[in-house]
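> Shown below is the structure under consideration.
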Amino acid sequence: MLAEFALEMPSGQFGVCIQASQVLHYEDGHFIIGLPSAYYLDWVRDRLRSKIKRKLASIMQRRSVDVTFRVVPASRSNLAAKPAPLYEASSVEEAKSVQSPAAGLMQPPGSMLPTASAVHRSIGTLNSKYTFESFVVGKHNRLAFTAAEMVVRQPGQRFNPLYIYGGVGLGKTHLLNAIGNRLVEKGYKVLYCSAEQFTNDLVNAIRDRTTDQFRAKYREIDALLVDDIQFIVGKESTQEELFHTFNHLHAADKQVVFTSDCPPGELPRIEERLRNRFEGGLKTDIVTPDYEARLAILRLKAERQGMSVPEEVLELIAQRIESNVRELEGALNHIWMHAVMHDQPLDSRLAAGVLDMVAPQRSVCAPTRTIERVAAYFGLTPADLTGRRRTAEIAHARQVAMYLLRMENNLSLPAIGEHLGGRDHSTVSHGIDKIAAELQRSETVRQAVVHLREQLYLP
C-alpha cells in the first residue's frame, strides 16, 4: 500500500501524508487516520483528502470510502496544555506504536483496530459517519451549517452557545456530531450527550453522592454538545445544574452547542435565566428540505452506500417523500432491498410499488375544506377568510390558506384568489411568499403549517 501512494505523490507529500500517519480504525468503508499534530491534520485534510480517499477506495475495491482524520500525539511529554489531547499512551510500547511510521497503512483492514494508546478521550459516543463532508447543504440548512463551521474554527469565541432547532429527522444530530468530530480531529476534548443522559447522570450522581465526579466530567472539557435539550423541560434540578455547568464553561471560553425541536422562546416550563443563556448566542433553524435538496441527499446516500440507483428512481423518491431526511433514506433502503431480495430490476415501476407500501399517496381535501380547516385552526370562520376584514389575525390566517391552497391543493394564483373572495393574483402571490419566508424563521408558523398539512389529508 505504501508503494502505491509513493508512486502517485511527490516525495514531500509522501513524507507528510504517509510516513507521519497511521490508520487507527477501519469499518464498513470508513477509515480513521491518525496524524501527529493539528498542523499535519489541517495540511493533509485541506490538500490530500480527495487523493487519499480515491486511493483507499481503489485498494479496498469500493466505489467510495469515508476518511476521518484525528490528532494522535507522538508522546505524552510533548503535549500542549490546551487543547486537551485525544489519545494517551499508557506505556512506552504503546507510545512507540503511535510513532511507528505508517504502521496502520501497512496492515490489512481486518487488523486496523485502535491500540490502547488510541482510546478516544472524548466523552459520549460520537457517530464518526456524521461529518461536515457527508452533510448535504441547501437553502433549508445553510445558515446552521455555516454557523457550525465557524464554531469549529474558533470554538468558544463566536456563537457561544450555538442553538440549532428544527423538526425530527432534518439533520440536527448529524450537524452536532459533525461539530464534535471536527473538534476531536483538532485535538479538543469533547463531551457529547443527550439531555436525557445529562439528567440520568445527575440523578445517579445525587444518589451515589458523586456530584464532584459528575461536575468534573461535564466541566473539565473543551466543548459540551447536548442533543434534544427540550427534554429538560419541567426538570428543575436538571435545569439548575445545567445553568451552573453552562456558566462555568462559558466563563472559561469553552464551546457549548444545543439542539432542540423548537426555539428557546417556545420551550415551556423552563427557568428564565436558562432561557436567556440559550438566547445569548446564535439561534439557527433547519427546516424541511426542498425538492433539489432531497434529490441531492438521495444521490449522496446512494453513492456512499455503493448503490447503483437510476436517476429516475431518486427523482421519484424525492417527489413522494417530503417530510424529512430520515424518511428519505428509509425509502431508498426499502426500494434497494426489495430489488435485491426479489432479484428485480431497480426501476421506477418497482420504486413506485414499494413507495405505495411505505409512503402511500394521500388525497388532499377540496379547496373549500382547506379554507374551513385553516379557519378552525385560528379560531375563525370561513367567512372571515373570504371576506374583506383585514385585522392582523385574519390577514395572517388568510395568507396561510393561500400557501396551503397553492402547495397542497396545487391551485393557480387566480383560482386561489377566487376561492378567497375574489382577490387578485398579486395579493395571493405576496401572501404565499410571506408565509414561505416566515417558515424559515418562525417555529410557530412552521408548526401551524405542519399541523394543517396533516389535517388536510384526514377524511
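Keep in mind that glycine also has a Cβ here, set from the backbone N, Cα and C atoms.
Worth saying up front: this structure is predicted, and the values here are computed from it rather than measured.
Features from TrEMBL:
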- 1-96: region 'Domain I, interacts with DnaA modulators' (REGION)
- 158-284: domain 'AAA+ ATPase' (DOMAIN)
- G169, G171, K172, T173: ATP binding site (BINDING)
- 340-459: region 'Domain IV, binds dsDNA' (REGION)
- 366-435: domain 'Chromosomal replication initiator DnaA C-terminal' (DOMAIN)
> Highest CB neighbour count within 10 A among the binding-site residues G169, G171?
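Output for this query is G171.
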> How many of the residues that make up the domain 'AAA+ ATPase' (158-284) does DSSP mark as helix, as strand and as coil?
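Taking each residue of the domain 'AAA+ ATPase' (158-284) in turn, the totals are 68 helix, 24 strand, 35 coil.
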> For K172 (ATP binding site), what residues in its own chain, 6 or more apart in sequence, show a Cβ-Cβ distance under 8 Å?
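K172 (ATP binding site) has long-range Cβ partners I164, Y165, G166, D227, T259, I286.
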> Starting from the Cβ centroid of G169, G171, K172, T173, the recorded ATP site, name every other residue in that chain with its Cβ within 8 Å, sequence order please.
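Here the non-site neighbours turn out to be G166, V168, L170, H174, L175, T259, I286, N324, V325, R326.
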> For T173 (ATP binding site), what is the tally of other C-beta atoms lying within 10 angstroms of its C-beta?
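Within a 10 Å radius of the Cβ of T173 (ATP binding site) lie 20 other Cβ atoms.
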